[in-house]
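See below for the structure under consideration.
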């Protein structure tokens, strides 16, 4: 059976836990300290969705400001974009708008308002009893303003919603890939139909 490859990109500020989320999902492991992603890192994972084998190609990106201008080719052919912030750090949430707009600019999807994004508010376990900085309602409002983006609150350390989030990400990526395939097939068929349809002639 042919396996479908799906490209997924994780974007967000440095330190929000993108690498930890990916390690928890792929390796079922968590490390308190690990080396920061220098540029980009690729993880592949094979799963089954609706009796279809898919290979997730998940790109983990560095979050430093100097890496925000990744080349356009890096964004091309992405099937789902995951935006990650730290629920305890306001700046990382405020940066989500920039990451969202940068992706739209670089990837240039055919229908930007319908492209599948998923927002992840990470580190829900580390507020140490203090009130969290970014309330869930604020994140929900942001998602609504962008066309009802799906939102998950996660913790890589406590294993909260990580599997559920990546399953939804994979489903959205697969749906997007199918829609692109359908559009490409339609475009290849329409010119053929137009070419083969004889023009009507009026008899005088």
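Every residue gets a Cβ built from N, Cα and C, even glycine.
Among the features that Swiss-Prot reports, GTP binding site is placed at 12-19, 60-64, 122-125, 155-156. Residues or ranges marked as motif 'Effector region' in Swiss-Prot: 34-42. Swiss-Prot lists 202, 204 with the feature S-geranylgeranyl cysteine. The cysteine methyl ester annotation in Swiss-Prot covers 204.
The secondary structure of residue 61 (GTP binding site), as reduced to three states from DSSP, is extended strand. In the three-state DSSP classification, residue 18 (GTP binding site) falls within a helix.
Here the motif 'Effector region' (34-42) returns a mean pLDDT of 67 for the predicted model. Of all the binding-site residues listed (12, 15), 15 has the fewest other CB atoms within 10 A of its CB. In sequence order, 17, 20, 21, 23, 24, 30, 122, 123, 162 make up the list of same-chain residues 6 or more apart from residue 156 (GTP binding site) whose Cβ falls under 8 Å from its Cβ.
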